[in-house]
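Worksheet: the structure to be examined is printed underneath.
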């Protein structure tokens, strides 16, 4: 069953296709255990937590301790200018040129701004960042981000933290079909079945945070997501049969009674 | 992550919550390999394949060779009387009193007959069978089957072989809430994400056949389903958070720019 | 736009394909106005309201005053025996041999019992009733009811009063395809768009109660349902185009810029 | 049932909330009859059809003959610059400063470009146009268009011509909640029930083309959409009851058998 199926983004090669967010956990120790259980190799961290003047901060140290790569995000910024500044701070603080670009002006639904995101992406690519933009599931925007040089696109499945799943599936399918860079479904994934469905549709990876962090048992839930992502990826590579309108018997009809 | 979470039906204890059907595979060797990869402990077989006069038949032998328990089904019968007769033949041929009760008069959609199924179930329970009835996702019928003594209920997610998934989820939720016997989702499960979703909803097990047998790579697909069922079961036990209408940020809003 | 498109059940011909329930209204006057606004020609009434010893009861009188036909239902009975008795009482009280057969033993979800319903239907047909059975969206059960002589089938879209819409659409499609008697979608219809969708799928009529009775303005809502049923029926007869995976421009691509 | 419920966009007041597209009809006479049957007061026309040098063109004349207002669209342009040029040509040709702004670079799915659309909208507003932009169901983009002064937003339900319905409903709900200008659902509406559902959700109007033009009977289908839009709007104003998880009997439980 072992196959060489890795995901490459910029200069990194990932065996795991589950990226994990680190917000909302009730304790750093719990987060650390969940990260380990997820077997993820990339964890997003909000910039505020990686204050450059306090590098010894618990959460940051906890994460590095697990060996996971850190992906700072620009959560909380509202414009391209703020995002570029935040990315620069993050680069300095975390010594990484990777940045998850999140620009969401509205505090209620936290939906991303397509215009500011494209502007910031273009500038950050010029400045040498590996840019991973969080965006609406907008196929045209995804192509434009690819054209300015982002290393992947991260379309949403549903609003952040809503746990509603792949509400945008019809558009994710188009994005996946058209993209030449990895497509990572971000936001909305509320259960392992949602993560598996994203992978079955051909997504290259998923990012999960809320559904793990606020579960009854976040550590076991992280393991469940790990399994689901593997299940979905394996199914995608094993070529699922399409849905059909009529039934088709699994068992041949028994004719013994009339023979 | 190891926990004691077994499923008990009659006198058998199952570690795996994935049951597998054996129809539609292109070769017995492929079926055998897929059964092994699924790690399933119970496989359905159509009566016709276990002809009592030819016990050495390939498929049957192949399956026993894997150590899996066999569950004969009555596929192809159209009435309660035929079903009882078929169950008796199966008991003789396979030396098991377990029977998957399937009565579907219509050859196009293969949907189960509620009236004949209840009649047959009552009679088969009296005759000492362990009865596992395949039925529509009808909560009232499930309770009546429980009352006559079936060991589980097997409501459908969608028509057999349609791969459409959990079209009956609203009713499966009611069945799971009300049932005192195991609920095993049978028919319609077309991908690992569907199987995970059934387990997340609290189903005790799922039965999969077509989606594995007709996949591009049935053996890898069997493994994918194994992972998905574990993912869904783990998620159910780890208590998923509910869906929400509004967003909730995973990352705390960064205030560094205004501080 | 006028066409001769009537629905015939037993000896009655209906111009309207919207049947209306009379429970849950806040006042008899409001119910009466809503019935008029719906332009429905058949209204269900619970037996309890048509107490044979108090024929002058307000609600009953109100309804007859609108000229609508009354369809007593057996709501509240739990077995075939009780249903047959209730139907006989209703026939005496309302001087009609039409009966809406409802047998739902569970007070929480009020889902119908397939076994008792078929038993009662067979007996009531023998006794000369026009039987309209409320049932789960079970295609096999629908055929069996047709075989014993019911004048229509009334499969549910979702649990009564849930307003969830056509959760059973995959099965309603099969029922409609296979039925030789009218198919009337009953229960679950929560908005005019649900009613229109049922009609577009080829249902012969819909029955609505809760969604009208508990609306902010029940009278205007009754009118909205009337329009929606006509819209859906007209669309069905005008042959909707199927859904497509790819886009197709409505407007021809403008080439003026490159010409 | 008559109420004063008009839709105002710029200097026009509409009694009908159904806007209609004029592409794909098999003949001008059929289109004209469908437009009349729809009772729509605003019809989109592709620029190519309104060649300024041939004002006597059949289709254009046919439409004006019905008394409907014409809304030229920029279908076929790929950039903001092209869109502005096309709008200027349309203004000259049709003597209207209304413009439906459509910029879709991809010929397969015809999805709109958010960046070019915002740029063009801003410029066209400055030039005195009444701008009606066709866009993805992106709540943040909708707010930005409102800020630059468009007179409405026209988010899509599904790809143009797909007839898939309100695939973006979760996002349309957010757009409707946040918008201070009319929200007109454009693209994807494939049946009257979809149109009714959009109106029930609070959309101010819908634009329909393919579903009418390619129906078996486009004229009757236009009438069906007219009814459905009225049904949905009336339901919205009459305050629909929410969906519930449990059943609630429409009929009071009959207790006559136990009393």
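Glycine too: its Cβ is placed from the backbone N, Cα and C atoms.
Not measured: the values here are computed from a predicted model.
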From candidates A:149, A:161, A:202, A:232, TrEMBL puts in the same 1-deoxy-D-xylulose 5-phosphate site as A:187, A:188, A:209, A:210 the residue A:161
The correct subset of the recorded positions A:100, A:161, A:188, A:209 with a Cβ closer than 8 Å to some chain B Cβ is A:161, A:209
If you run the three-state DSSP split on residue A:100 (active site, schiff-base intermediate with DXP), which class comes out? strand
Take the C-alpha atoms of residue A:188 (1-deoxy-D-xylulose 5-phosphate binding site) and residue A:100 (active site, schiff-base intermediate with DXP) and report the distance between them in angstrom, rounded. 17
At the Cα level, what's the spacing in Å between residue A:209 (1-deoxy-D-xylulose 5-phosphate binding site) and residue A:100 (active site, schiff-base intermediate with DXP), rounded? 14
What's the CA to CA span in angstrom from residue A:161 (1-deoxy-D-xylulose 5-phosphate binding site) over to residue A:100 (active site, schiff-base intermediate with DXP)? 17
In whole Å, how far does the CA atom of residue A:210 (1-deoxy-D-xylulose 5-phosphate binding site) lie from that of residue A:100 (active site, schiff-base intermediate with DXP)? 17
Looking only at Cβ atoms, how many others are within 10 Å of the one on residue A:100 (active site, schiff-base intermediate with DXP)? 28
In whole Å, note down how far the CA of residue A:100 (active site, schiff-base intermediate with DXP) lies from the CA of residue A:187 (1-deoxy-D-xylulose 5-phosphate binding site). 13
Between the binding-site residues A:161, A:188, whose Cβ has more other Cβ atoms within 10 Å than any of the rest? A:188
